[in-house]
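Participant: Dumping the structure here so I can ask a few things about it.
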Amino acid sequence: MPFSLNNEKVTSEEVLLEFDQPPATQKELWGYYLYYNGNNGYTIYGFMPIILQYLAYRGGFQPETPDIKGCPLEDTTRPCHVRWIHSPQGIPVSSMLLYLQSIAFSIQFFLFTTFSSLADYGRWNRYILLGSTLIGCVCQALPLALVNDDGSHWYWMMVIMCIGLISYGTSLAFYAAAFPNLSDNLPIVRQARANPCLSEKEKETVVERWRNHISAVSTVFSNIGFLLMSGLLSGISFVPWPYDFPPGVQPVLGNVPLYNFISTAVCAGYWALNAIPYFVWTPKGRKGRPLPKHANHLTLGWLSIIQAIREARKLRYLFMYILAYFMFSDAVSTITQMTTIIQGQLTSFSPQQNVLFGLVTAITSIIGCLLFLWISKTCHIRTKTTLMIILAFTGCIPIWGCFGIGHERFGIRTHHELWVLNIWQGLFTAPIWAWQQTMLAELIPKGKENLFFGLASVVNKASSWIGPVVIGAIAQSTHDLWKGWPFVLGLFVAAMVLVSLIDMDKAKLELIEYEKNLR
C-alpha cells in the first residue's frame, strides 16, 4: 500500500523528513481522484457542442435560401450555414464549431505561455486551478439562460463555450502538473528514494510504477464520473414529458431540447461538488519554491518557455516526445470534435441517443484504463510500449473514417457504426491521456515539472487549433467533413514514428546528467 511504511529498509523515520514537500496523505490522494471525477469533460465535449449546433441550426440558414431563418432539424444532413465574419454566404455549422475550437485553443496557447510557469512557484498552481474551476463550472451552467432562445443568440452560446473550453483546458493542465509532486511524495515512494539498499534503477522503477498507478486510477475516476453522470442522465431521459413531439417520437424528456440544457447544468454542479475535497485536503506545505526577486508575473512564463526550449539539446528525448505529443494530441482532439459533430448530425441532435452513447463510452473507458493498467503491471510492459499500442488502436478511427469518403453506408456513416465507434473510443482513446501523462512525467527533470508540463500544455494548445482549422477549411470548401480524415491519419502516423524513436534508457541517463548539473 502506498501509505504503509516498511522500516526494515529505512534507518530512521527522520530520513523521510528531508524532502522539501510534506508526505502525501490518503485524503489528499482521494481529493485528487475526486476532482477528476467531477471534471470529466462530459458536457464540454457532449452537451455544450450539441446545444451550440442546435441553436446554430435554428438561427442559421440554408445556402439556397439565405433570407429564410432556420434549417430543418428533421434532416440535419442537409447543408446549414451561419453568418460569419468576412463570409457573405456564411459558413457551414460544422466549420463554425471547428473554428471555435481553434479560437479557444489559440487563446489557451497565450494564457498558458504567460502563466504556466507560475505554477512552479508558491501556491500559484492551486490558485490558477481554483480560478479555472470556478469559471468552468459557471460556463457549464450558463446555457440554461438560452433554453427558450429561438436561435437568434446562438453566438452567445459560442462565447460561453469558448470561455468554457479555455477554463476546462486550463484546469486539466494545472491538475496534471500537480500529479508528479503528489505521486513522488507518497510514503512508499519517499521510502524507496531514501533507501540506500536500492539502486537508482530500482528507485526509478518504484517511481514509475506509482506514477502509472495514480495516472491510470485518476483517469478511471474521471471515467467513473462520466459513467455516473451518463447513467443518471440516461435514466432521467426516459421520464415522460409533455411536449409537441413529431409523429413516431417517444414522448420522454430525453427527446426534448430542454434536456441538454438541464444536463449541462447538472454536470456543472457535479464538478463543483467534487472539486471541494481537493482544495480542502491538500496540505498547505504542498507548494513550489518562492517566486524569484524582481520576477514579473506576466513575463515569467514566456522567459521560462524560452529557457525550456534552450534545454532541447540537453533533453533531446523529452523534446522529441513533446513534438510527437504536438501531433497526436491534435489528432485525438480533432477526432473527438469530428465525431461529436458527426454524431449530432446522424442523430438529429437527439439528446437521448447522445447520452446513451456517452454511457457506453463511459463504461468502456473504465474497462480500457483498468485493462491496460492490468496488462502493463502483469506483463511488466513499459509506459512507452503501452502508449504505442493505445495510439495504434486509436489510429484505426481515422482509417475507418476515410472509407466514408467514397461510401454512404460505411465509414462512420450510420447509427450502427456510432455504437461501435463509442465502444472503440472508450476502450482505446480514453487511456491515451493517462499513459501520455506518465511518459511525459518520466522524461521531465525533478523540480521542473510545472515548467515542462506547462510547455507540454502550451504545445498541446498550439497544435490543437491546427486540426480544427484544416478540417474546417476542408469542410467549408468541399461540404464534406469526411474528407478531413486523411489529414488526421497523417498526424497519427507521424506521431507514432517519433514515439518509436525515443530510447527511454538513454532518456533516463540524460535526466540524471541534467539534474546533476542543476545542483
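Keep in mind that glycine also has a Cβ here, set from the backbone N, Cα and C atoms.
When I checked TrEMBL for this same protein, it listed these features:
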TRANSMEM  96-115  transmembrane segment
TRANSMEM  127-147  transmembrane segment
TRANSMEM  153-178  transmembrane segment
TRANSMEM  220-241  transmembrane segment
TRANSMEM  261-281  transmembrane segment
TRANSMEM  317-335  transmembrane segment
TRANSMEM  355-375  transmembrane segment
TRANSMEM  387-406  transmembrane segment
TRANSMEM  481-502  transmembrane segment
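Are these features on the surface or tucked inside, and what touches them?
Facilitator: Using a Cβ-Cβ cut-off under 8 Å and counting only residues 6 or more beyond its ends in the same chain, the transmembrane segment (96-115) has close neighbours at 49, 52-53, 56, 82, 84, 124, 128, 158, 161-162, 165-166, 169-170, 173, 297-298, 301-302, 305, 333, 337, 341, 454, 457-458, 461-462, 464-466, 468-469, 471-472, 475.
Here the transmembrane segment (127-147) has Cβ contacts under 8 Å with residues 39, 43-44, 47-48, 51, 55, 115, 118-119, 153, 156-157, 160-161, 163-164, 167-168, 170-171, 174-175, 178, 257-258, 260-262, 264-265, 267-269, 271-272, 275, 279 of the same chain, all six or more residues outside its ends.
With a cut-off of 8 Å between Cβ atoms, the residues of this chain six or more beyond the transmembrane segment (153-178) that come close are 32, 35-36, 39, 41, 44, 48-49, 51-52, 55-56, 58-60, 82, 96, 100-101, 103-105, 107-108, 111-112, 116, 119, 125, 128-129, 132-133, 135-136, 139-140, 142-143, 146, 437, 449-450, 453-454, 457, 460-461.
Sequence-distant contacts of the transmembrane segment (261-281), counting only residues of its own chain at least 6 positions beyond either end whose CB sits under 8 Å from a CB of the stretch, comprise 25, 27-28, 30-32, 34-35, 37-40, 42-43, 47-48, 51, 126, 130, 133, 136-141, 143-144, 146-147, 225, 228-229, 232-233, 351, 355.
Residues 101, 391, 394-395, 397-398, 425, 429, 432, 436, 439-440, 443-444, 452, 455-456, 459-460, 462-464, 466-468, 471, 484, 488, 491-492, 494-496, 498-499, 501-504, 506-507, 510 of the same chain sit 6 or more residues outside the transmembrane segment (317-335) yet have a Cβ under 8 Å from a Cβ within it.
Residues 328, 331-332, 335, 338-339, 372, 412-413, 421, 424-425, 427-429, 431-432, 435-436, 439, 480, 482-483, 485-486, 488-489, 492-493, 495-496, 499-500 of the same chain sit 6 or more residues outside the transmembrane segment (387-406) yet have a Cβ under 8 Å from a Cβ within it.
Here the transmembrane segment (481-502) has long-range neighbours at 94, 317, 320-321, 323-325, 327-328, 330-331, 334-335, 338, 341-342, 384, 387-388, 391-392, 394-395, 398-399, 401-402, 404-405, 411-413, 467, 470-471, 474-475, meaning same-chain residues at least 6 beyond its ends whose C-beta is under 8 angstroms from one of its own.
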Participant: Give the nonlocal contacts of the transmembrane segment (355-375) in its own chain as ranges (CB under 8 Å, at least six residues past its ends).
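Facilitator: Same-chain contacts beyond the ends: 42, 46, 212-213, 216-217, 219-220, 223-224, 226-227, 229-231, 233-234, 237, 254, 259, 263, 343, 381, 386, 389-390, 418-419, 422-423, 425-428, 430-431, 434-435.
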